[in-house]
């Protein structure tokens, strides 16, 4: 059985990477005791905690962490009418943290994610690996069969075009999970005891033109390169769908990264996902999405953004118009989602005027 790593006795890194350039965003409804395990790795960084659910509930944060905490009242106060684009009672509330951050990079993690162990038994510093992924180029235009050619002990294989070896800037680092896999409800129901014990020591670039199901529980990205597109949609309370928030963002960012020539990586780092959510509750949230995704994914596979769309915001507004035009026939919800995408960009630009299109 896979067990989380102990971090007792691990010293806090004296010179943490990107200490003043990275925020950690955590959505939560509970006390953040899980941070004690992460203290050696995360304590030097600034946390943005987005409290979901009842804003009157007090959230306790372990001593010694530098953080700001926002609840629904804060979101409504800061965004006013535009707060309608931030999901309620859904982990998609985390993207408010992306919006208010002023840092170049974001690492987001769920509060049921613990420190994993590598095959040697060593505690995995997930944030450090994400930073390495983001600071190293991607190879979206030509697949290298040794995966990451920039990694120590690897290189570009024979036949790899020299003109492409400089690579592309990495916008997103998508990490994985040991123990509880990130399954949909039907798979959870037929495999209730399945656990992921495979630690694959690899990072790869997802090729241009290929979509992927992004999981938001262990994710990092370059906020300056792709932040305005990292919108987790309109999900949760009052909406007909949930648990597709991170996947929606993943489909959006991938087509925009492909259009703008940016890279998306997946693989290391691993976290230890400690608890499985209720598959029956999940099925209620997911069941429309399970049907809708059979139309949504072909839509994203066929998206063509215009040459005039040269910023993330311009790409995202174009995408919102296509969502309204092509997906609203599936359900009126997509009209509402398309409008929320526009509201999100308007709110982003109000809080981040230097990044306006």
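The first residue you see is number 1, and the count goes up from there.
Using N, Cα and C of the backbone, Cβ positions are placed for all residues, glycine too.
Unlike curated entries, TrEMBL annotations are predicted automatically.
Straight from TrEMBL, the features:
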{"type": "CARBOHYD", "residues": "158", "note": "N-linked glycosylation site"}
{"type": "SITE", "residues": "158", "note": "site 'Required for activity'"}
{"type": "SITE", "residues": "165", "note": "site 'Required for activity'"}
Of the recorded positions listed (158, 165), the greatest number of other CB atoms within 10 A surrounds the CB of 165
Rounded to the nearest Å, what's the C-alpha distance separating residue 165 (site 'Required for activity') and residue 158 (N-linked glycosylation site)? Just drop the number here, would you?
-> 12
